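Q: One structure follows; several queries about it will come next.
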Amino acid sequence: MTNIRKTHPLFKIINDSLIDLPAPSSISSWWNFGSLLGICLIIQILTGLFLAMHYTSDTTTAFQSVTHICRDVNYGWILRYLHANGASMFFICLFLHVGRGLYYGSYTYKETWNMGIVLLFAVMATAFMGYVLPWGQMSFWGATVITNLLSAIPYIGTDLVEWIWGGFSVDKATLTRFFAFHFLLPFIISALVMVHLLFLHETGSNNPTGIPSDMDMIPFHPYYTIKDMLGALAMILILLTLVLFSPDLLGDPDNYIPANPLNTPPHIKPEWYFLFAYAILRSIPNKLGGVLALVLSILILALMPLLHTSKQRSMMFRPLSQCMFWLLVADLLTLTWIGGQPVEHPYIIIGQLASILYFLLILVLMPLVSIAENHFLKW
């Protein structure tokens, strides 16, 4: 009798995706982050579901309901901090996952890559709306500042902002709809993940060499299931350490002050994972220019397949491209630091230089260096 997992219509899909899936024998730990992101998504949906059972999306009670969760609900505090810090882990894994794709040339799988960019935008939108829900000072003013950016769109901007707000300022209607969308989006993300994996399994995984590995494949189970379990264990350990020892390390103390439309915090800034984009936004004195740069800082990823000028897929054997890549990483860390600093000298000029370098590296320097490497190898 044939094994049920290979014949049953539903089990067959799971089997072909997680058990008998042929995987390259050489993929390193950088390939763990896909499964870690899946685990993050599950953690976020589960903790979020239980938080939603006690949360009220009304401006008068939202802040109080979060306090109630932390003080009165059994293990409410751990749910709340798992959810908040789980978002940080989600973004750490996301950035490493995207970085891996850039380094090893995984973007040549165009459908998978573009689906990944859509997922990145969806996760960023979800995280932004989630940050508004506790209705603290930074929640309120973050929502006001970021939604206000849409007013830079010519002609329809102001109407668009008021339409999103559901009034003339961030108020009850805004909070209610943000809660609705924050609840809905993770399920849409789950569906998009399925599509992302569908596209990936059409081509199979890339590997560190960037060379086709069709002749050297091994089954996903047990080799990569056990490897992914190790990664998951490490990530959960880091997450629990964060939650149990310093849950507010990555948060903003201003968010423990209830939202007050009459009092602006001295420094409005988003969560740490948006700071690099926020720094790019602030480094351009023009409002529309800043918004365009903000969107392009992420959307530029879609151009990666077009900007690939090397004859080799991966950066594994390209030392000069590796230098450019790590310069880009250093630049993004600099932007993240600048995004959290006040708008004053010398941070302004550092932010502007880092923003210019970011686009210069991706659009000009990396493609040019790749062409030079082809030339050195007489290709």
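Yeah, the Cβs are placed from backbone N, Cα and C, and that goes for glycine too.
Just lifted these from Swiss-Prot, have a look:
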- His83, His182: heme b b562 binding site (BINDING)
- His97, His196: heme b b566 binding site (BINDING)
- His201: ubiquinone binding site (BINDING)
- 33-53: transmembrane segment (TRANSMEM)
- 77-98: transmembrane segment (TRANSMEM)
- 113-133: transmembrane segment (TRANSMEM)
- 178-198: transmembrane segment (TRANSMEM)
- 226-246: transmembrane segment (TRANSMEM)
- 288-308: transmembrane segment (TRANSMEM)
- 320-340: transmembrane segment (TRANSMEM)
- 347-367: transmembrane segment (TRANSMEM)
Q: According to DSSP, collapsed to three classes, what secondary structure does His83 (heme b b562 binding site) have?
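A: It is helical.
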Q: Would you kindly list the residues that approach the transmembrane segment (77-98) from elsewhere in its chain, counting only those six or more residues past its ends and only Cβ-Cβ distances under 8 Å?
A: 30, 33-34, 36-37, 40-41, 43-44, 47-48, 50-51, 66, 69-71, 116, 120, 123, 127, 130, 235, 238-239, 242-244, 247, 250-251, 271-273, 301
Q: Just give me the nearest neighbour of His83 (heme b b562 binding site) among the binding-site residues His97, His196, His201, Cα to Cα.
A: His97
Q: Under a criterion of Cβ-Cβ distance under 8 Å and sequence separation of at least 6, what residues of the same chain contact His97 (heme b b566 binding site)?
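A: For His97 (heme b b566 binding site), the qualifying residues are Phe33, Gly34, Leu37, Gly116.
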Q: Judged by the number of other CB atoms within 10 angstroms, which among His83, His182, His196, His201 is the least packed of the binding-site residues?
A: His201
Q: Return only the integer: C-alpha distance in Å from His182 (heme b b562 binding site) to His196 (heme b b566 binding site).
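A: So the alpha carbons of His182 (heme b b562 binding site) and His196 (heme b b566 binding site) sit roughly 21 Å from each other.
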Q: Can we call the transmembrane segment (113-133) and the transmembrane segment (226-246) in contact, meaning three or more C-beta pairs below 8 angstroms at a sequence separation of 6+?
A: no
